[in-house]
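Among the features that Swiss-Prot reports, active site, proton donor is placed at His37, with the record citing sequence analysis. According to Swiss-Prot, the ATP binding site annotation covers 30-37, 150-153, Val179, 187-190, on the basis of sequence analysis. If you look up Swiss-Prot, you'll see Gln64, Gln156 marked as (R)-pantoate binding site. Residues or ranges marked as beta-alanine binding site in Swiss-Prot (evidence: sequence analysis): Gln64.
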Amino acid sequence: MQTFSTKAQLRAALLKHHRKHDHVVLVPTMGALHAGHRALLEQARKLAGEDGVVVASIFVNPIQFNNSSDLQTYPRTPEKDLEVCEGAGVDYVFSPAPEEMYSGERSIAVEESFLSATLCGASRPGHFSGVCTVLAKLFNLVQPTDAIFGKKDYQQLAIIRRMVRDLDFPVRIHGAEIVRHGNGLAYSSRNARLTPEQKEQAVVIRQAMLQARDEFQAGADASKVKEHAAAMIEGVPGTRIDYLEIVDAETMQPVAENRKPALMAAAVYFGDVRLIDNIEL
């Protein structure tokens with residue numbers, strides 16, 4: 001496994017693979033890698049095959065944070081990250097500094113104006129512009145044949161697919177299932193900031209969503225399903241719901257009636273730690 005910190009190094013290493021038309025599979029991450037990331041990397045290794053290459057980027061992207069304290073406290077575990085990458089069969093790790101990725105005079109950004117109008121896009125202004133901009137840069141740098149993203153960030157996955165479609169990036173986007181702890185809590189880099197008590201409390205998100213799916217499939221109105229889920233979450237001390245919505249799983253627009261494809265998505269604070277999760281209804 002080789003590690004690069006500059007764009008020039010990465011491009012030079014990938015040149016021979018592009019000339020041979022090898023499979024190049026990209027897994028973009030912000031580090032603090034956990035079992036969910038490991039599953040993405042292992043899926044990438046299978047997809048690339050023996051002759052292809054897997055590229056993992058590790059970059060805490062400053063322009064997708066709308067809260068400076070969130071950026072400063074975001075977990076960073078560089079040594080462990082490299083161990084996870086090597087164990088999963090990654091060929092190249094790209095870990096640039098912010099000044100390597102962005103010029104101080106940066107004036108171009110990629111915006112998405114429809115799918116990002118709800119959920120995380122509404123509660124975190126500018127977030128998805130930052131995501132789309134860094135991914136556009138990574139797609140240009142790596143020129144992957146394939147890229148893999150987790151479904152925990154369901155809205156992000158939908159936006160990435162739209163960006164690839166609308167801007168004609170020649171890359172296949174793959175969505176990977178959410179990896180969970182035995183109690184149902186979704187793996188997240190932010191889990192490291194939870195207290196032991198909060199980790200137990202955070203299971204309520206999954207419990208509320210499983211109840212919501214049962215109610216929705218039984219024919220309950222979306223508004224009632226959402227009301228019951230919110231009550232379950234708010235019944236846990238110290239929680240604060242950022243958003244809890246039932247949306248069309250393709251357009252990310254809120255739905256009031258019982259129809260499919262539908263998705264329940266939530267962002268919930270436990271203390272000052274914000275966790276997201278979703279479930280297809």
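Note: Cβ is positioned from N, Cα and C throughout, glycine not excepted.
Locations of recorded Swiss-Prot features on the structure.
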{"residue": "Met30", "record": "ATP binding site", "Cβ contacts under 8 Å, 6 or more apart": "Ile58, Phe59, Val60, Asn61, Tyr74, Ser189"}
{"residue": "Leu33", "record": "ATP binding site", "Cβ contacts under 8 Å, 6 or more apart": "Ile58, Thr77, Lys80, Asp81, Val84, Cys85, Ser189"}
{"residue": "Gly36", "record": "ATP binding site", "Cβ contacts under 8 Å, 6 or more apart": "Gly150, Lys152, Ile178, Val179, Ala186, Tyr187, Ser188"}
{"residue": "His37", "record": "active site, proton donor", "Cβ contacts under 8 Å, 6 or more apart": "Val27, Thr29, Val84"}
{"residue": "Gln64", "record": "(R)-pantoate binding site", "Cβ contacts under 8 Å, 6 or more apart": "Gly126, His127, Phe128, Ser129, Gly130, Val131, Val134"}
{"residue": "Lys151", "record": "ATP binding site", "Cβ contacts under 8 Å, 6 or more apart": "Leu157, Gly175, Ala176, Glu177, Ile178, Asn278"}
{"residue": "Gln156", "record": "(R)-pantoate binding site", "Cβ contacts under 8 Å, 6 or more apart": "Cys120, Phe128, Val131, Phe149"}
